[in-house]
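Below is one structure, written out as structure tokens, with a few remarks after it.
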Amino acid sequence: MEILFRENLARIARFKTPHGEIETPTVMPVINPNLNFLDESTLRSYGVQAVITNSYIIKRNQRLNEDALRHGLHSLIKFSGPIMTDSGTFQSHVYGDIEYSNKEIVDFQKAIGSDIITILDVFTEPDESYNSARSKVIETYKRLKEIDFEDKIIAGPVQGSIYPDLRRLSAYLMSDALYLPIGGVVPLLESYRYSDLVKIIFNSKVSSDFSRPVHLFGGGHPMFFAFAVMLGVDLFDSASYIKYAKDNRLLYSEGTRALNDIREFPEWSPIHGKYTPQELLHEESEKRTRMLALHNLKSIFIEINEIKERIYENTLYNYVEEKARSHPALFKAFMSMINYDTSDYSPLSYKSPFFYYDKTSLNHPIIKRIMKFTENYISNSRHTLIISSKYWRPGVKNENVIKNIVECTDFNLLVSWNGIYIPLFLEDSYPVQQLVSSGLNDKKLEEDYLKRLKSINNDIEFYEGEHYDKRLRDYDTEKINTIAMFQFNINERFFDKSNIIKSKSTGHIRNIIEDNNIIATMRNDGYLTLSIKGAYRLLSMKPWPGLRVVVDDESGRFNANGYNVFFKFIKSFDTGIIPGNETLVVSEDDDLYAVGKAAVSGIEMYYYKSGVAVKVHEGVNKKAA
């Protein structure tokens, strides 16, 4: 996978197959080889890049078998792009053992020219016993290992029922395959057990090779797409577009509606303006099914396109939070999802403002990171003062009062922010000021959070309007040092005798200069971009391997001249790197080559083999162009 854009575990990425590239996230419509009434041009016009069909059905039908072997799968299906084949696992699960072995069905898929070939895995039911599920996980892995991959894309399904540790084990083992479907989930999807799916997807994703495409088998209803993508799913397959059409049902992004229950078709529907619902109900069955299938396909790809746009905008989390209120099962899934800490994968900041709805918004991974820092910030046992909204709110403050408190005390200073307390000096940093808030704070949560902070430092009180006389420190210097502490995870002062240059129009900090050299500039999101001088300073302060990406000498020579770092040249790295944060590019001897922004988290660095890992903004020899 080559990553293009990302938000936490969600990504827009692409990978190559023998019949072309696939950009994810996307959906593969299921094509019945016996009955394919949508031609390739129609499928392409709706956004279809790849399709999936069942090799078991083809193999056991003499006519289809002979045709596929003689002319190839793409001729049989009449689709020139990538085609994935399933192995018959679900048929085996529903109807009992099938007549072909794992190796036979895989060899058949190879022979007919499938682009993505699926092994015959062993299906695990949601109500399966732990021991039974574990034995099926091991058996599925054994089946993967008996296959000769050659140069093919082999899909190794992740099984394990609803047991998190088995899903983790299976994902780790099956990462030997180049493509990772998450299997055994159709019964959960059909019964709206989305909270169980959240558990399955998260545990499968974080234990897998991040360079592998992750596919949710059978996850073809658009109402759950955004949740699955947020948790790291790249692809879906959908028979629902035709299955629901045959049953006179229509797919929408928030659920399903019966044809006889709707008054009119939405304007985006390909049926709009051609039929009324009542007219279509009386249409001949085959034509009605085709029209409803086109509506359903359109609904699926509208949702996929919306999700991709949300990833690009960095608003997918907001979208999931919005969609959670569209169905009780989705809300339960969202409440399950926020229990998982994905802050390791979360970028330093987002393109779009932070949306605060209510206390559930505080489970956003970026807020969890700030809350963790707040606890560390006050752990020095200093007197801690909380400044109320009377004196400080995002973007609005009593300048004289705040400056007096800051410069004439050495206290830890916190402000009230959406029901929690955070360091005052992060006031301009994302998302403290880059915020759209409902103002619906939870007083009980605020009280509980204060108790938690007092368990760390009991010397906490609220500011009551006192005036302080003796100047002890500089406001701006304290601010940039606190930002550096948070951004670089350091416990000592990064700046000391600095000359701080501010914007004449806004008064915001722009450059930090020492000895006539720019050490850092303040980004629009309130965080620091380091110059090469600043990078040398960070290198001296952070013990190995902190915030480092180690590259070979060949890459290092290019990086020193301002060129980006590519994944394939990385030799080692700090797993604590945050996407979008400053990253030091060094040699194996810890000599600095460059500084830039990490494209992915440190946890992901190991897995990707193509694309840009660090976008360099300055090398030791030259700035980036």
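Using the three backbone atoms N, Cα and C, a Cβ is placed for every residue, glycine included.
Lifted from Swiss-Prot, the feature list:
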ACT_SITE  ASP86  active site, nucleophile
BINDING   ASP121, GLY184  substrate binding site
DOMAIN    546-621  domain 'PUA'
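In this structure the C-alpha atoms belonging to GLY184 (substrate binding site) and the residue listed as 'active site, nucleophile' are separated by 13 Å. Taking only the Cα positions, the spacing between ASP121 (substrate binding site) and ASP86 (active site, nucleophile) is 10 angstrom.
The Cβ of ASP86 (active site, nucleophile) lies under 8 Å from the Cβ of ILE52, THR53, ASN54, SER55, TYR56, THR118, each on the same chain and at least six residues away in sequence.
With DSSP classes pooled into helix, strand and coil, the tally for the domain 'PUA' (546-621) is 14 helix, 30 strand, 32 coil.
Reduced to three states, the DSSP call for GLY184 (substrate binding site) is coil. For the recorded site, ASP121 (substrate binding site), the DSSP three-state label reads coil.
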